[in-house]
């Protein structure tokens with residue numbers, strides 16, 4: 001009796017599992033990347049990179065476009081023109097065209113958060129032309145542009161070149177009061193989609209862009225940085241007395257006014273404090289440990305004095321770069337450094353609105369304090 | 001109806017398992033959304049709210065033990081009949097049964113909604129409910145000892161989810177938790193009130209107590225279990241507040257699943273699917289204990305065979321699932337369960353205790369009098 005009823009249960013359970021909707025992989029078209037543009041009549045135009053597991057097709061990759069009032073609407077429109085089910089769970093990259101980004105991208109992101117099918121680790125990027133131009137590049141080495149960009153961004157983030165740019169990071173920073181987000185900026189270099197810098201947002205609108213070097217500075221400010229190689233140009237004049245004299249050749253002064261170095265940042269972090277709430281003064285201490293890897297001119301840093309001089313010059317340079325970067329984003333009234341959230345956390349009741357902070361932002365002053373420590377100089381001194 | 005129970009030796013459980021019983025029934029669907037609800041009330045000071053709730057719960061649990069210890073081997077159904085007489089006692093017992101019923105329904109439909117939003121949007125509520133109830137019926141047929149076994153095994157099998165919180169916790173923004181100590185006391189208390197639904201379930205102690213073998217050692221595991229759930233909720237709440245911004249928490253329904261959605265591993269790209277499925281291991285012991293409470297109550301109060309109640313409740317529940325397919329309906333059921341349960345679980349024991357003590361004194365006096373005669 002007992003066995004019979006258990007058997008009955010099992011049969012019912014097995015039969016009921018058919019009630020779950022099935023999805024055969026051959027019938028699916030998996031969207032891997034999407035480009036979003038705004039058309040002249042304010043509709044959304046999307047470009048889709050699609051993978052199809054159709055054994056009869058020549059290539060795995062295809063693309064499609066769609067127009068609609070919402071992102072989902074545009075997808076539906078695109079789906080009308082394919083004989084496959086378009087599924088969105090695997091979108092790894094969404095690229096916003098310049099115009100769309102300037103008008104604000106939160107309306108698109110909102111739809112992505114609503115839908116639990118969308119992966120939260122999806123990356124976002126902005127292009128300095130329309131997304132269509134990037135997606136329409138014909139390159140035999142690059143069957144799917146979206147895939148290529150996705151990998152490009154992933155590698156750069158892994159190498160600590162700039163802060164991570166997933167949808168999670170973006171929405172989190174965007175909705176935090178007193179902090180504005182950054183996204184990688186994609187441009188065309190020699191007809192090839194490349195990361196050319198970072199797009200700075202004010203709230204969800206793209207306002208100004210910064211270079212990739214400045215992207216590293218931002219990452220150093222916001223996160224802990226390890227194992228990142230950096231190139232820097234320093235003035236030559238202070239190092240004149242440390243030049244290397246080769247025996248037998250009459251020493252002549254070093255050529256040029258500047259020289260280039262390359263160093264590996266083995267460890268870097270920043271700590272920002274509010275110096276004065278009333279006067280809106282902030283102070284940032286950045287500490288990095290570096291290993292010297294390359295120098296364009298023969299300069300000896302055998303002596304501690306030379307090493308100290310080098311550290312000091314790098315500090316000076318970084319400080320200047322930070323100040324320039326800060327001035328640039330402050331003029332755009334975008335708080336990518338997140339001084340506002342620090343300010344908020346130090347106020348008494350912790351209540352400050354985004355608008356109130358935007359009014360204060362142009363008047364804040366920041367003291368950037370960089371401390372460089374030269375750890376090793378490689379196999380030569 | 002016997003007030004004190006005689007439990008056969010082979011049906012008894014050791015006090016140590018009380019930890020798993022209480023921890024399993026407390027951790028349920030509530031915890032998926034609770035951090036958000038608490039945060040909306042008491043903002044960055046939510047952790048204080050949770051600690052307040054914990055202190056209150058400890059007081060309630062101790063009171064419950066105090067009530068139970070006044071009797072030789074009784075459960076709440078028996079105690080109520082003893083104190084209030086047959087009619088009122090049975091009526092109050094029925095309230096407990098209805099409470100378990102609503103709690104069971106709210107757990108069931110909330111979990112089905114999570115599945116429908118995250119994994120199978122087209123899935124029929126009836127099928128999901130039926131499948132889950134099959135498991136529940138099968139488990140409850142095994143009796144309390146099987147249920148306790150399920151609680152223990154599933155507790156151990158499901159807690160690896162904590163490790164998934166490591167990644168978000170490394171990316172917390174500490175400024176979201178600052179400035180501290182700014183929420184007024186009233187907000188902190190309403191935050192603690194909101195967490196009542198999540199912490200609910202330890203009232204099962206009133207039912208399983210007669211089954212415990214070594215009753216003297218029962219207090220520690222019960223309190224440890226509530227401590228464990230508090231710690232769990234505290235951890236999730238702090239990570240949630242640190243990881244998400246105010247606006248994000250405000251707009252999300254299930255913050256815990258959003259936290260887990262952030263994970264990305266090379267072997268599994270979408271961890272939320274696994275966690276939603278895994279959550280069944282947390283839900284099933286929950287439902288088993290509630291269902292057992294219902295069937296056992298019906299048997300004690302009205303002498304209905306446990307199997308009859310079990311099958312009929314399962315049928316009613318699986319059809320009820322069809323009706324509760326709308327988000328707002330589900331929400332109002334949860335609210336009803338929370339409001340109704342609050343008075344029963346958190347306030348009622350304090351009212352019951354003085355009555356029990358008075359009655360005991362009264363009987364003692366009476367006995368002394370009759371002895372004197």
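First residue shown is number 1, and so on along the chain.
Any Cβ shown, glycine's included, is placed from N, Cα and C.
Automatic, uncurated: that is what TrEMBL annotation is.
Between the stretches B:223-246, B:247-270, TrEMBL puts its transmembrane segment entry on B:223-246.
A Cβ distance under 8 Å defines the sequence-distant neighbours of the transmembrane segment (B:46-68), meaning residues of its chain 6+ beyond its ends; these are 35, 38-39, 74, 79, 181, 183, 188-189, 191-192, 194-196, 199, 202-203, 205-206, 209, 218-219, 222-223, 226-227, 230, 233-234, 237-238, 241, 345-346, 349-350, 352-353, 356. Through the fold, the transmembrane segment (B:188-211) approaches residues 4-5, 7, 11-13, 18, 21-22, 25-26, 28, 30-31, 34, 37-38, 41-42, 45-46, 48-50, 52-53, 56-57, 60-61, 64-65, 68, 73-77, 96, 99, 103, 144, 218, 222, 225-226, 229-230, 233, 286, 289, 293, 296-297, 334, 337-338, 341-342, 344-346 of its own chain, all at least 6 residues removed from its boundaries and within a Cβ separation under 8 Å. Under the criterion of 3 or more C-beta pairs below 8 Å, with sequence separation of 6 or more, the transmembrane segment (B:223-246) and the transmembrane segment (B:15-34) qualify as touching. Outside the transmembrane segment (B:340-358), and at least 6 residues removed from its termini, the chain residues within Cβ reach (under 8 Å) are 56-57, 60, 63-64, 66-67, 70, 79, 83, 95-96, 99, 102-103, 193, 196-197, 200, 202-203.
In terms of C-beta pairs under 8 Å, the stretch of B:88-112, B:118-141, B:146-168, B:273-296 lying closest in packing to the transmembrane segment (B:15-34) is B:273-296. Long-range contacts of the transmembrane segment (B:88-112) within the same chain: residues 28-29, 32, 76-77, 80-82, 125, 128-129, 132-133, 200-201, 203, 206, 279-280, 283, 286-287, 290-291, 293-294, 297-298, 300-302, 313, 317, 320-321, 324, 330, 333-334, 336-337, 340-341, 344-345, each at least 6 residues beyond the stretch ends and with a Cβ under 8 Å from a Cβ of the stretch.
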